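One structure is given below, encoded as structure tokens.
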């Protein structure tokens, strides 16, 4: 423990210092204790010329008037600018400058495009006139009545020199009358016959009356309706083969001119549906006999007369004897008509063919060696019509099966099963 010294009483304790005292006051007190001279700043007079250290308050006070001065100056400047803007400004005239190179190139390009458009338009219009001149100059007169050799060589007749054959004939139509009149009948040419058919042209040939007119035309014609065949009476099939070879060796004779039937439609009339009927044929082992009507109702077309295949051999053949038809009260009939009348009406029969010519139909049945056939007469549009039927069958299926037993030529005509009630109604 330190000893107490008398000097210690004179020394102040630093712990006894007041908290508010500054370091200068402490230093001053120490200096006074030591006896050092002190300067009293209050007694010193400072000149205004000396720079004083400004305080913060003084700085703020000095800055405020400076800011006010700057604001006043800026306001004055804005007012001056507004005054200057309000004054009308004089427009300065643009100095005339030479055209730039770019503008010159654009103008040249536009001129070139215009020239191209004009040139293309003139080129398109020019060929039309030149082509018309070429076509006019390239036209050649063709003389149809001239010689073929001259036309082949390119020789053209001199203009202005025309013969009587080349002169053009004026065609004048007759004047039209105000009142309806009958049309002029065209001039009939040689080898043709005019036939007037009633009804529409599409269904005119299906009418029995029109078929009869066509049959009459075919009968009156001088042309054969079937190819000529040669069949001697003796030697059977061997002589038939020899006749074919002879006809092949001999040249064909000239044929007479055909007769054409001109069909003109008239006013339509009520048509009656006809049943399909096979075409009648003439016997093969005969000379060319009378022409046969070859019309077929379901086809509604008239078959043209076929050409002669060869000349007939000069051999006389016996024509088949015509069978006498058993006359009945209704008209011409052949066969057992009573069996058809007495059979039940629910049964069926086979219709083989029909025609307006009784003799041809009966002769064809004889030629095909048909058995139990019946030819009976009926009327159709007021005209006689003959139907060829064969057999009596209990059902339609049985009648269809019986078709296979018929000759091949008969089967080719497509026979069909017909109810007996229709046959019995026709016989009454």
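Glycine residues also receive a Cβ, built from the backbone N, Cα and C atoms like all the rest.
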Problem set entry | transmembrane segment per Swiss-Prot - which of 83-103, 104-124, 125-145, 146-166 | 104-124
Exercise. Quick one: which of 55-87, 187-219 does Swiss-Prot have down as coiled coil?
Worked result: 55-87
Seminar exercise, completed: Secondary structure split (DSSP) over the domain 'SPOR' (342-419) reads 25 helix, 31 strand, 22 coil
